[in-house]
Amino acid sequence: MWILIYLFIIWSSLRTWVTAVDSTTTVGDDLNETVSTSVWPTMSPQMTVAFRSQRDVMGNLTIDQLPYVGLNLRRVLLNNETSMVNEGNNTRLLTLFKSMLSSEANAFVLDLEQYNNDLRVVDTTLLFSDVLIALQSFIFSTQNNLYANIIVLLLNISAPELDSTEYRHQNQTLNTTYILDKNLGNSFIYKPTDLQSDRAKNNTWNIYGKSSIDGWPTLGSVLYEQKKRLVIGELTDFFNETTAPYIFPHDVFHYEQGNSTLDCPSTVEGLTDLSSIHWRFLDSLFNSVDIKEYISCGLSPIISNSAYVNNVTQLADIIHEGSVWSWDSDQPSVTQSTSKSGSSSGTLEAYNCVLLYYFANNETVTWRVGNCYNSNIGLCRYENMAFRWLVRSNKATYFDFDSYQGSKCPDQYSFNIPRSPLEQRSFIAYMRNSSFSDTQIWIDLNSISVSNCWVSGGPYASCPYEKVISRRNFVTMMVPASVCSFALLCIVVYLSVLRVPIYDNRKNWRRVINKISKSELEGVPS
C-alpha cells in the first residue's frame, strides 16, 4: 500500500514537471519550422522572425491599409511554362504556385477564363479548383498564430466569345459559390457579408477612427478573432453580387498598371488623404531598389517581372526588399534565450529591445536590436493620430522610459512605434522638419519576455505565442512538491526496513501470556 502511494506521488511530481516544461516551449524552437518548398528559397530563421514581428506590429491596422507585396501569376509563373502546360504537366505549375505561397508574397493576380461552366487558368489546362485546393492546403498548414497571414487573391476574368444572350446564360449558370465551397471552404474567406456585419457591429475603422460607412476591420480582428485568411476580389466586371457573393467587386480596389496616378505624400495632410483610399495596388515591373520606394509611398506592388526557374532567387530578393520595410538587413538578431548578463566593464546587457536608427543625410530609417540598459531618447505618438509624433529629449533605459511608474512621454502621448511604411514616412517627415541629426530612438518593440518573440506594449508585454513560466516561478512551484515527496519517501523506507517493537516482541508476549495462563486456577473456588 505504501509503495503504491509513493509511486502515485512520484507520478504527480513528474506530471507537474512535464507540464511546466511543455508550457515553456520557446519561439526559438519554431524558428526551424517553415513550410516546405521545392522551388522557392525558404525564409531563413532571421527572415521568419522579422516578417512575423512586422505582422504583429501591424495587428491594429485595417486590412485595406496593409502593405501587400504581390505577384502577377500570368507574367511571373506562366510566361515560360507553355511547353510544359501543353504536355499536361499541371503538377509542376501547382508546385511552383505552392512555393510562391510559402514566400513573403501575400497578394496574387490570377487570370481566369470561363470553360464549360467552370473556370480555367488562362493559357493552361489548369482549373481554378486546382489552384484553390493548393491554396487550401497552404492555409491548413499555416493556420496558427505563428504563420497565419492575410492573402489577397485578385481575379481577372476573361469572358467567352459569345453573343450577349449566351454570355448572360453562361454567367448565370457559373456557380462560383459551389467552386469555392467545395475546393477551399468559405470559413477561410473574408466575404462582403462579413464586412457588412463588421460595419453593423461598429467593428470597422478608417483613418479618422471608427466608421460604419467605409471602414474595414483590423488585421488582428480578421486573423485571430474571425479566423479568416483570404480576401478575394475581381478586377474585371464579370461577376455580380448574386453570382459571386464571396467575391468583392472591382470598385472596392484601387488597381493600376504601369505607372501610378497617386502622388507620394510628404505632409500629414497628404498622408491622411492617401489613407482614405482603400486597397492601393500597382501592377508593374519592379527591382529591389524602387520597390521599397513604392512601399514607403503607401502602394502595394504587384510584381509583373518575367521570371524563370533558373533566376527565381532574384525575384525572391525583390519580394523580400518590399516585404520587410522595417528591419535592417541583418536584423533582428536571432537568439536562443533571454537573459540579463554583465559585460567586462560591469554594466548590464540585455539585447532584447529595438532602436530606430534615423539617418539625416539620406532621410532613411531602419530598426536594429539594442541593449535595453543603454540610455536613449524615445518615440511618442499623440493619442490615436497615426501621423503625429514626438521624440523626447530626455534619455532613459528602455525599462525606465515606459514603466509601471509612468511613461516619459507627456500627457496625451504614449510610447509607440511606426506600424506601417506610411507611418514611418510620416515619422521621417517629422524628423526632417525638426532638424534632427543622426539619432537612435527607442520604439515600443521588445523580446524581453521570450527570445525572438517581438511584441509591443512596453517592457512587460507578454508573448502571445506561449505561456511563460520563469525559472523563479518554476522553482517555487517544484520545491514544495519535491520536499513532500522526499519526506514521504523517507517514511516509506523507514517503515519498510525497521520493524515496529510490538511486532518484534510478538513471540515474547505470547510466552508471557502462556506462563500467566498456566498459573491461573481452573474451576470454581470453594
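Glycine is treated like the rest: Cβ placed from N, Cα and C.
According to Swiss-Prot, the protein carries these features:
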CARBOHYD  Asn32  N-linked glycosylation site
CARBOHYD  Asn60  N-linked glycosylation site
CARBOHYD  Asn80  N-linked glycosylation site
CARBOHYD  Asn89  N-linked glycosylation site
CARBOHYD  Asn156  N-linked glycosylation site
CARBOHYD  Asn171  N-linked glycosylation site
CARBOHYD  Asn175  N-linked glycosylation site
CARBOHYD  Asn202  N-linked glycosylation site
CARBOHYD  Asn240  N-linked glycosylation site
CARBOHYD  Asn311  N-linked glycosylation site
CARBOHYD  Asn362  N-linked glycosylation site
CARBOHYD  Asn433  N-linked glycosylation site
SIGNAL    1-20  signal peptide
TOPO_DOM  21-477  topological domain 'Extracellular'
TOPO_DOM  499-526  topological domain 'Cytoplasmic'
TRANSMEM  478-498  transmembrane segment
**Report entry** Cβ neighbour count within 10 Å of Asn433 (N-linked glycosylation site)
**Finding:** 9
Report task. Might you list, by sequence position, any residue in that chain lying six or more from Asn156 (N-linked glycosylation site) with a Cβ less than 8 Å away from its Cβ? Result -> Arg74, Val109, Leu110, Asp111, Leu112, Val122, Leu235, Thr236
Query - For Asn202 (N-linked glycosylation site), the number of other Cβ atoms found within 10 Å of its own Cβ - result: 11
**Report entry** Cα-Cα distance linking Asn202 (N-linked glycosylation site) and Asn240 (N-linked glycosylation site), given in Å to the nearest integer
**Finding:** 26
**Report entry** Under 8 Å by Cβ from Asn175 (N-linked glycosylation site), same chain, sequence gap 6 or more
**Finding:** Asn117
Query raised in the report: Around Asn362 (N-linked glycosylation site), how many other CB atoms lie within 10 A of its CB?
Result: 5
Query - Cβ neighbour count (within 10 Å, all chains shown) around Asn240 (N-linked glycosylation site) - result: 13
Requested in this report: Enter the number of other CB atoms within 10 angstroms of the CB of Asn60 (N-linked glycosylation site).
Outcome: 14
Query raised in the report: According to DSSP, does Asn156 (N-linked glycosylation site) fall in a helix, a strand, or coil?
Result: strand
